[in-house]
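Okay, structure first, notes after.
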């Protein structure tokens with residue numbers, strides 16, 4: 001280990017930066033974040049440094065550095081573009097026993113700056129010992145995705161309530177077990193959502209229950225949008241909740257790759273629906289979610305796309321609210337957005353479509369339900385049809401019957417955003433026969449409008465079939 005990783009308290013301590021360029025500005029920001037009293041010495045300085053000096057936030061000395069300028073500081077940074085000046089700063093600092101950092105010159109450094117993940121008061125520092133700052137930044141980026149943005153809120157909550165929890169649970173081992181459970185429970189999740197007051201209430205209720213040696217109600221439900229298929233399109237919160245879940249209740253649009261992200265010991269319950277054949281009635285799904293949470297489980301209700309766009313998420317949270325079950329909703333990339341993007345079809349375009357309409361195209365008793373055809377045939381808009389595969393012939397026929405030109409472009413996307421994506425482009429008149437000849441199966445999405453014609457020049461994603469030379473682009 002070439003460097004000892006430590007965190008240095010610099011609040012109100014005098015620190016010196018020599019240099020006034022962009023690098024100096026970056027180092028200045030770090031020192032100010034740490035509360036240091038900063039002096040900058042530079043022959044000329046960036047406007048932001050001058051502004052900070054004018055506001056009295058730093059001291060700026062416009063001059064050439066001299067060895068005597070280093071006296072009286074607790075930490076010095078050399079950030080000029082002149083190697084000789086930087087070396088002189090390092091020599092002067094060492095003569096006075098002051099730790100010095102020379103930017104981009106590890107051999108002259110007493111300390112180095114790591115890549116920082118700041119979730120104050122939680123800080124994570126990553127360093128390669130100066131070997132490769134770029135590699136350190138890349139590693140920081142990976143770690144960033146693992147630490148929720150409001151992790152500091154959770155840390156502050158634990159700090160603020162630490163003494164009250166100690167009084168409620170005086171026995172150290174019991175208190176440690178309490179914190180281990182709590183920092184992965186509903187109170188923690190509320191804090192990570194930014195709901196600090198609710199988190200405090202739930203945490204104190206749990207502490208009181210633990211003091212009485214009662215089992216607290218730890219369960220909760222998260223309605224999570226799994227996106228259109230590609231696992232890389234999951235949100236960071238969705239990924240975290242999937243990996244933390246005790247039980248996952250999922251539908252048929254959730255891919256095996258996404259389910260594989262869950263813990264191995266997580267219970268998986270299939271609740272998919274295929275046309276009118278439901279594996280579990282919706283009312284039973286609603287009750288199942290509430291019952292699983294009441295048993296103390298962290299439940300993820302995992303839905304393809306977005307839970308509030310043709311996902312019946314509203315019905316499920318009504319039941320949870322009625323039962324007093326803590327819940328949250330995590331939006332996902334809906335199929336319309338994801339599939340259109342991967343097919344190279346913009347849903348809006350200044351020259352072609354000023355509006356976009358989402359409709360459900362599933363059949364009930366062999367007929368389409370309650371669609372406003374006069375609105376759907378209007379020009380300069382894009383119509384996106386979910387669940388429309390079986391009703392495609394009727395949808396196209398009704399649009400033509402109500403005034404849409406038979407030549408209006410239309411596309412059907414099968415398994416959008418996945419390696420097996422297939423895109424068929426045609427017109428309202430020809431798409432049904434083309435789909436029938438291709439043997440298309442669900443899940444699919446239908447896009448109707450002039451924007452479909454842009455696919456010829458905007459298509460960028462190549463599925464496995466297209467890569468092998470069997471493109472479905474018509």
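Glycine residues also receive a Cβ, built from the backbone N, Cα and C atoms like all the rest.
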Residue among 324, 403, 416 sharing the S-adenosyl-L-methionine site, where Swiss-Prot lists 228, 304, 305, 306, 309, 334, 335, 387 as binders: 416
Residue from 22, 43, 44, 251, 273 whose C-alpha is spatially nearest that of residue 305 (S-adenosyl-L-methionine binding site), among the recorded positions: 251
Protein Cβ atoms within 10 Å of residue 251 (active site, proton acceptor), excluding its own: 21
Between residue 23 (NAD(+) binding site) and residue 251 (active site, proton acceptor), the C-alpha gap once rounded to whole angstrom: 51
Other residues, Cβ within 8 Å of 228, 304, 305, 306, 309, 334, 335, 387, 416 Cβ centroid (S-adenosyl-L-methionine site): 227, 253, 310, 311, 332, 333, 336, 338, 339, 386, 445
Among 228, 251, 309, which are recorded as recorded positions, the nearest neighbour of residue 44 (NAD(+) binding site) by Cα: 228
The region 'Uroporphyrinogen-III C-methyltransferase' (219-474) [mean pLDDT, rounded to integer]: 91
